[in-house]
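First comes the structure, then the notes that go with it.
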Amino acid sequence: MRIGIVNDSALAVAALRRALALDTTLEIAWIAGDGEEAVRMAATQTPDLILMDLLMPVMDGVEATRRIMAESPCAIVVVTMDLGRNANQVFDAMGHGAIDAVDTPTLTDSDTKLAAGPLLRKIRNIARLLGGRGQAPHPLAAATPTPTAPRLVAIGASAGGPAALATLLGALPADFGAAVVAVQHVDEAFAQGMAEWLDAQCQLPVRLARAGEVPQAGAVVLAGTNDHLRLTSAGRLIYTPDPCDYLYRPSIDVFFESVVEHWRGEAIGVLLTGMGRDGAQGLKAMRERGFQTIAQDQATSAVYGMPKAAATLGAASEILPLQKIAPRLVMTCGGGRR
């Protein structure tokens, strides 16, 4: 895998060099000292993956991510110091198509492998994702409908998802007539910050899903850990490490499939922007169950991977531009009365 490094700190670049040297399958294609240089390098030597810092002179990592994804798209992971303090910039970069984020490893002679572990695990997962390796579908038993259960909107998103979720959820009215559960590919270290970031932009309350709760109409909950979020036979949300071999954690497919198996009311599946195929099989299972399913269109997707996979499978009953998804949900579920 060919990797570009974008960072203005000599110490950070040295740390990244040492971390990448631990895996012989990784090759440093180039190093850029600011976002503007990275945009030029990506255009002439597009790598498989870019490790993008956020705070740099000339052009910061958010704008560089936006430019690269528009002009020379490739996988981008934000790698910067003190991610927690820069959470808003992380979500902005992910909104433009960055896949993930991780702290810059701090390396010493004694703990190089340990410190580099989180970064290398993310890179290996991205390598698998770029190779197209997903999970095989398995037969599902559908739940028996119960008229008292509220309507559920199940949303999945990955690269580009934070901005897409902000647009979609921000357009839902305060009296929206369905429960909303969203699974965004984001490390649990950023989940709480993302929930707060979305809550500030939405009329509906947004928070992390709690184990044991039942989704409630008029509220949005987000998957909040690196375990999978799923529904139980009682219609309650739980976190589970199984299945262990899934590339994506939390997995959209796992949640969508649990909706098919256990949700006793009506449901709508929505698959937004993202790299790879997660959610496509689950959305197909939802459609086969008789649920309404929506995939974001190519023109408005920061990364047209997951929605494209869904469209190819025939998983989406509708393919819509992002700005038309919320009105469609309101039309179906109710809300926005004056």
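Quick reminder: no glycine exception, Cβ is built from N, Cα and C everywhere.
Here is what Swiss-Prot says about this protein:
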ACT_SITE  SER158  active site
ACT_SITE  HIS185  active site
ACT_SITE  ASP278  active site
DOMAIN    2-119  domain 'Response regulatory'
DOMAIN    145-330  domain 'CheB-type methylesterase'
MOD_RES   ASP53  4-aspartylphosphate
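The recorded positions under consideration are ASP53, ASP278. Their Cβ neighbour counts within 10 Å are lowest for ASP53. When the alpha carbons of SER158 (active site) and ASP278 (active site) are compared, the span between them is 9 angstrom. Residue counts for the domain 'Response regulatory' (2-119) under DSSP, split into helix (H, G, I), strand (E, B) and coil, are 53 helix, 25 strand, 40 coil. For the pair HIS185 (active site) and ASP278 (active site), the Cα-Cα distance reads 10 Å.
In the shown protein chains, 25 other C-beta atoms lie within 10 A of the C-beta of HIS185 (active site). Following the DSSP three-state reduction, the secondary structure of SER158 (active site) is coil.
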